[in-house]
Structures are given as C-alpha cells and as structure tokens.
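Visitor: One structure, as structure tokens, below. Some questions next.
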There are 2 protein chains.
Amino acid sequence: MAGKYPVSPLAPKDGFPALPPIAGVRFSTVAAGVRYAGRTDVMLAELAPGTVMAGTFTRSRTRSAPVLDCEAKIGGGSDEGAAILVNSGNSNAFTGIRGVEAVRAVTAKVSDALGIPEGRVFTSSTGVIGEPLPHDRITAVIAALRDTLTETGIADAARAIMTTDTFPKGSVRTFEVNGKIVTIAGIAKGSGMIAPDMGTMLVYIFTDAMTDRAHLQSLVSRSTDRTFNCITVDSDTSTSDTLLCAATGASGVDVREDDAFAQALEEVMDDLAKQVVKDGEGATKFVTVNVLGAASDADARRVAMAIANSPLVKTAIAGQDPNWGRVVMAVGKSGAEADRDRLSIRFGDILVAENGMVADGYREADAAAHMKGENVTVSVDLGLGQGTSTVFTCDLTAQYIAINADYRS
Amino acid sequence: MAGKYPVSPLAPKDGFPALPPIAGVRFSTVAAGVRYAGRTDVMLAELAPGTVMAGTFTRSRTRSAPVLDCEAKIGGGSDEGAAILVNSGNSNAFTGIRGVEAVRAVTAKVSDALGIPEGRVFTSSTGVIGEPLPHDRITAVIAALRDTLTETGIADAARAIMTTDTFPKGSVRTFEVNGKIVTIAGIAKGSGMIAPDMGTMLVYIFTDAMTDRAHLQSLVSRSTDRTFNCITVDSDTSTSDTLLCAATGASGVDVREDDAFAQALEEVMDDLAKQVVKDGEGATKFVTVNVLGAASDADARRVAMAIANSPLVKTAIAGQDPNWGRVVMAVGKSGAEADRDRLSIRFGDILVAENGMVADGYREADAAAHMKGENVTVSVDLGLGQGTSTVFTCDLTAQYIAINADYRS
C-alpha cells in the first residue's frame, strides 16, 4: 500500500513535475475507503464536449470488467463530454457478473451526475484481483467528486490512483504552433505486475490539441508499442492495464498534420513508462537492454525480453555483479536464433565478451564500476543480422519479495 | 557455494538414501580446487565394458562445450568401457575455443588413464559461466581419481557435484525378475537456473540392467519429458543441463520387454527431479501446479508454466497468501486459450473460484490453512477441453535473491 515502503531511489530527483492545467479537463479526488484508509482512492476527470478519446488495453485473456467496458466504448462518438473515473485498492477483475454490475452502477452514476452519456464514461480499477468491488462506496462519493472538480487537480489525481507505487508519476510536454501553445500532460501508476502486451498499468494523458479519433488512436497505438510495451518489471501481465488519451481540442490547434504533436505525445508516454520501471517494486537500478544484430526485430525483442525478465540476470544486477554468463544463458533460452560464437556483450561501454568468449583485455573491475551506477546498460550483439530492440527494466531485490509476499496481509 | 546456506527445509527428512553398489560402476572423488576450497569438486565414474549409454541435454542455443561434446558422443558404440567425469565450480560454458580445448584435454587424460576410447569419455561442468576452465587442475588429479575408484563411492560423487545445492540428491529403485535383482540408482545436482527444455541440471543414473542403446534412449527421453521437463525453479534454462544414464548389464537381466524397468527408471527420475525443486534456491514450499480442462495438453502446459514461473504467484506462496487473483493473472498472460468465466481454481482441495468469480461459501481461512503447509497445490480447470499438465516448482523468497545477488562475490 502507498506509503508503506520507502520511495524508490530511482524516483525523479525533482519530485512530481509541475503539470499545467489542460483547457477542457477538470479533476477531483476523494477518500472513498474502497480498501485503503487515510488516503484518496478515487479520481474523476471530466472532459469537455468534443473531446476525442483513444486507448490501448492489456492483452490478457482474463481482462477485468472495467477494461472490457472501456474497450467496448473507446471507438464510440465524440460530440459530447466524457469522463474517466479510477479507483485504487480493488481491481474489479475476475469478479464475474458482479464485476459487470459494479461497472454499470458506477458509470450510470457518473453519467447522471455529469449529464453525459454512459457510453462516454470510462472507468479503471486497480488493486487486488478477485474480490468484489464495493461499488456502493464509489457511487456514494460521485456527487462530492462532481462538486469539487477543478482544473488544477491533476497532481492529486496522480496520487489517488497509486497502489504499491512509491511516488506519483507525471509528465508534460508543450509545443508552439503559430503562436499557440499545445500542452500534453499525463499521469500513470504501476510498479508491479508490469510486463508488456500493452499498456502495462494505468496511464491517463490529456491534451488540448485538436484532432480526430482515428488520428489519435493511431498515434497512441504506435507509441504504446514503442514505450509501454518495451518495459517489464516482473514479466507478469496485469488483467487491468489501461491507457486512455483525451484530446479536448481547446487549444484550437489542429495537430493532424503536425509531427511535433506525435513526438511530444511519445515523449510523454516514454517518460511515464520509464517512471513506472523506476518505481518497479524493490528496484535499485534502471536497466536498459539493447539487442542488435538479430536475425529480425522480433528475435531481437525475444532476446531483450529474455534478458530483462531473467531472475538470474536481475539478481546479478541487484548484486552489482557483471555476471555476463547469465546474459549468455538468457540469450540461449530465448528461443531466438543465436550463434554462441558470434555473440558479443557489453556492460555500459565495456566490451565484456566477443566471439563466444571473454574479450581480450577485459578487466572485471571496469564492468563492476559500471554496475555500481544507478543506470545499468546491457548490450548484446548477436552478429547475425539487422534486427534490433531496446527494452527497459529494473533489478530484482529482496524488497520485491517483501512487497509481494505480504501485499494483502 | 555449498555449505554457505542453510539446508532447504524441504530436504528429505531421512537424509541421503542408502544407494547400493551397481555392479560394473566404480566412483571416486577428489578436491581439485577448480574453484571451491576445502571440498571435493571432481567426480569420476568408471563404467565396465559393454555399458550402454543414453542421455538428454539442454536445448539452450548457447550450450556449453561439454554438452556439445556429450551430444556428439552419446549415439556412439558400446562395446568398450566408458567414463563420466564431472567438475563443479566452473561450467566451461561460453568459453569459445578454449572451452573445446579444455574438454579435449580432460577426456584425453581420462581415456589414457582408464584405457578406454576418448569417444566413450563423457564430461560435465557446472558452476560459473564464461570463465575459462582451469582444466590443468583436473588433468592433474586424474591418476589419483583412477587409483581410488570404489564401488561404494556414489554418495561421495553426489556431494562432489554440488554447487549452490544445500543437500546431495540420490534415489534408488530395485525390482526382481526371475529371482534376480535389478537396481537403478541415480544422483543429481541443481537448485537454480532450473527450467525445462531438457534435463535441467546434472543427473547421472546407473543400472545393472541389460539393454540396448535405442531402448534405453527411448525410455530416458520419454521420462525426461515427464519428469525433469516438468519442473521449474526460476524459468532460467541452464547452458549445461545434462542427464546421462548408464546400463552396465551386469545383472544379466534383459529388461527390453520389461515394464518394471521403465517404471522404476521413471520413478528414480521423478524422485530426483522433485528433489531438485525441493532444493530450489531459497525454497520453503514445494508447489504442484495442476491444469486440466485446457484446449490441448500444450495449452495446459503453457498455463501451468505461466503459473509456476510467475514471480507474483511464487511470492504469494512464499507469503502463505491464497492470492488466487495472481493465478488468474498468470492464466491470462500465458497465451493459452482461456475463458475467464469458465475458470475454476483450487488451493489444495479448497474450491476458491469457479465460473469466473469467487466460489460460493469460500472462506479464505480454509485456503490460508492449506498455504501454511510445506506442500502447496494449485489446480486450475479451464473448462474448455481435455488438455492436462502437471508441473512442479517452489516459492520465491528473499533467500533466492540473497543467493543469486552474491553468487560470485
């Protein structure tokens, strides 16, 4: 639970960024007592009429009721206002028909309170799986949420959606078009059960850019593949991962032909994705895994994920041990095409191994020095082709075990 | 290193079994100082002329030099004697041409000392990957190994091959055919980097049964799939996994038409495989994962392995937490066909969830009581078809991290 564990040593040194208001978006939060005591646990975002929505979702076969509801709605029309309601503490996943009913109860109440169609109310739930969502505790606070909506509430929203997170995650980018400023601001939560196959956790991005659904969805999908689908904390894919992006259009700047928008959006997503890794449960190192020279990009990704998810590689990094033998092991088990005698491996800039054996002149002290830093880079050149992939992960420490062996108790 | 960590609480209560001599097999061990100080680290098994050999090996793409050498030799003729030499402390994996030369130096010396063809000398190396094997330390002790061979040395052999193991692993079965006794005895090592795709660790099985290579290989391959390929400690596949089975024929009992032999052999392999899991690094629980009702056996295995390898499931079990939501998550991420609303889940005999939600009358106290035991069973019925799979694993504890974050230091 938030606050129980010390803040990750990888948290942004400057704290939560100053996120400016996004015209057309208002936020409110409340302590509804869904599961946690003494903290906010529900956030509401109200989106002005005309807001365009896009989203990406977990590919788990056991997706939660809120995810299924969002997926059904995300392609819908956009002439009216919309809303996003998120609770922490209970994921409303694997709750059968009761889960569906809980979503319906909450979305109906929000629809009623804000005067928008139910088909434009999106919800997410994050927390324990398999326990019925006490949705009456949420419906009881909708009126209070409506009455306290404010344009400056995004930082509070970032805090209300935290579960085992040790810091709230936010990011912002702005750019100028013909003297008008366009802003993109996002918040995210997530620190465990993080693995690709979509969005990996909860992410909400808001912009005053003017666009259409198809354009926004295509950018969001493409950038999800390049950001959130390139991170892994523990290889476990959540049943609830959701990314929603809302464009209010209030800036009056049409960004459909604007590369600056695509780039700024991806920067926000990249920043949030890396913050999620940096809050990986128990993490003490931010790890970049680069694979090149693979027979294909798909093979490169397979190898990068095998390395990033290997408990033995991750514990070696936790121990600041340049144990490249474990990297070889992970390459071997990945299933990708590999030739032991063409492999080369680097830790940071240090060439550790090449041509299937330890490199001439390699001194373990050099690699060990790199491993002591907060940012560790593992690079593997398979020496076979042009395929490349980069993924981001963290180390595996005793703190991960401590957090997850007593999450519910 | 052996002795550094406390003996696994799951170790056999009766200690190492009494393994009888196998006619035609002699063992010796020595402290060669390959890496460890103050303990034996090389074992030699001498096999009488006429011994039939079979084996299974890791499927890693980065197989070690000794594994490649064994694979090349295993199909060879059997009229002459044979030998198995194993060192611990260094795996001679990812050592390039130097690794090949090291194997050649050792096998030549053994061949010379025992008067058997080099093509009948099998070696294994286990320990750190990527460091050149100081093979001169091994060749220097071959004469001493030859001079101390004894029929009663198998228990010492089991100890010499240990790395992070906390207890030596042995198993024996005997059966009678027309008044003659046939014996099968095996030893194994392994406690980390254990995942299927073959043999998962080092296993040596000796029998005085009389058979031929094709028969023995077919039994060994089939039983490997049912035993060692059904266990996982940490999903990491070793570069060195090797199983060798030697049948001396000294009992005079032809077992080629004998189901009792096939069964006894599989029992020995099953026993050793489970002992490896019970010595899983940091393990405090022995976990059986049963999956049934899958669309196919392959899908069932995919789900079982996803559950058995999930860090979140394994840490929940370490925490004695019947967190069935994490089981749902693992089913969802496995990639196998699944329908959330047909799933049912049991911990032990306790029905926890069915039809996609918590079961009527489920009391968490009941499941929690099951989780407190040393043996935890997780059963999932997908409700789709006839596919089944059972795999064995252990929990994931802080001790696993401690062992692997400082393995080399």
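Backbone N, Cα and C atoms are what each Cβ position is placed from, and that goes for glycine too.
The substrate binding site annotation in TrEMBL covers B:T163, B:K189, B:T200, B:E281, B:N404, B:S409. Summarising the annotation, TrEMBL assigns active site, nucleophile to B:T200.
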Visitor: Among the binding-site residues B:T163, B:K189, B:N404, which sit with their Cβ under 8 Å from a Cβ of chain A?
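Guide: Sorted by position along the sequence, the hits are B:N404.
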Visitor: Among B:T163, B:N404, the binding-site residues in question, whose Cβ has the most other Cβ atoms within 10 Å in this structure?
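Guide: That would be B:N404, with the highest Cβ count within 10 Å.
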Visitor: Around B:K189 (substrate binding site), how many other C-beta atoms are within 10 angstroms of its C-beta?
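Guide: I count 27 other Cβ atoms within 10 Å of it.
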Visitor: May I ask you to report the DSSP-based helix, strand or coil state of B:K189 (substrate binding site)?
Guide: strand
Visitor: For B:E281 (substrate binding site), list the number of other Cβ atoms lying within 10 Å of its Cβ atom.
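Guide: I count 29 other Cβ atoms within 10 Å of it.
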